[in-house]
Each structure stands twice: as C-alpha cells, then as structure tokens.
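What Swiss-Prot annotates here:
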type    : residues                       : note
BINDING : 43, 44, 45, 46, 47, 48, 49, 50 : ATP binding site
DOMAIN  : 6-227                          : domain 'ABC transporter'
C-alpha cells in the first residue's frame, strides 16, 4: 500500500495507569489507509474503537507509537498545528449528530467553514451543494429539531465534509437509526465519500455495511486484524 493518508505505528493506550482499575485499550496497533480507501473498523462496544478514532483524528494522544498524516509525524507538534490539521484535513461523524440546535441545517455546515477562514458566500454555496448531494436541499432552512433522524445525520455528514477534509473518521454513523433509514443514510454517506475521493475509517458493528467498504479490519483485545 503506497502513499498512505493515515499511518499508525505501534499505538498503545491505557487508562488509569498504576491504579487497581487500570485498563489497556490499544496494544501495539498498526494501521495504514491509502488515499481514497474506505476501511471498515469492526468492533464490539467497549473494544476501544472510539479511542482509536480519537487518536487517529488528533483528539487524543497515544501513550506510545506514531501517528502520521500524509507522512507528517503528529507527535511533538504544537497544539495550534494539531488543531489546524484537525480542522482542515480530518472530518468527524458520530452516532449522534451533535448539530447546534439554534442554527438551521445550512448554518450548521456554514459555521465550521467560517471558523476556517472561508468567506460567508463561499461557505453558503458549499453548504447548498452538500445538502443537495445528500438529497435534502429543501431542508436547508430547518433547524435540527424539525428534521428526522436520518435527515439530521445527513446534515452531520455534510458538516464533516464542510472544509473538504482529506480523511473522514466515523464512529457508528448509522448506529442510532432504524435499519431502513440506516441503509439509506449509509448510501448517502458512501456516495459523498466516493464522489469526493475521500479516505475513510468507519467504525461499525453492522457487518452488512462493513462488507460494502474496500477493506475490513477487526479490533479485539486491543489489537487489529484483517477480516
């Protein structure tokens, strides 16, 4: 595999070290994701997949090991540099949408762009295009409370892609939806990912959805293996 967008080498992570309730979550994890590759991370609840995603996305730091994004080592970077990389290069999606309730769908997509220095006009144009791409352009002026669960998650997808990241990290992105809605929303996500050429690491316990991705890996007992 050449030109990885993400490379993790020997990642370990423990909590409460030295205490009676100490737990090791990740044990020497190695992972490479190529540009444009979509990888399914299959793991049961509590296996450490959220921790792995947070370390990959610079929201947390490993105890040992290296994280490289496009070949750049993340350890030792200033907080400002890590934040800049996280904002520009990484998009996050969670099981719950975390949309700002006081803003409408379009505004939830516009705001992260403004924080990244994009003009309001350009941000509004991109928001409209993303909402159209996931089939809910007509819902742009609606606040999250007026949207269905599937619509809320589609807006969350658009927000994650607002700043045109190079890599998408998703933690059970359809886990809070019923099966029928889950399939439709996942289709919308995959279409966005494929159309933009994104690399993606998507955690899911849904084996049918995992099978639709380029590759599957399993996290168990703190270690990764191919499925």
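Backbone N, Cα and C define each Cβ position, glycine as well.
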Practice task
Run through the Cβ atoms and count how many others sit within 10 Å of the one on residue 44 (ATP binding site).
Solution key: 11
Problem - Where residue 50 (ATP binding site) falls in three-state DSSP terms - result: helix
Fill in the blank from the handout: Across every protein chain in view, the count of C-beta atoms other than its own within 10 A of the C-beta of residue 49 (ATP binding site) is 23
Fill in the blank from the handout: Quick note, residue 43 (ATP binding site): same-chain residues at least 6 apart with CB under 8 Å of its CB -> 49, 203, 205, 218, 219, 220
Completion exercise
Around the recorded ATP site (43, 44, 45, 46, 47, 48, 49, 50), other residues with Cβ within 8 Å of the Cβ centre, ordered by sequence, are 203, 219
Exercise for the section: Counting other Cβ atoms within 10 Å, pick out the least crowded of the binding-site residues 46, 48. Expected result: 46
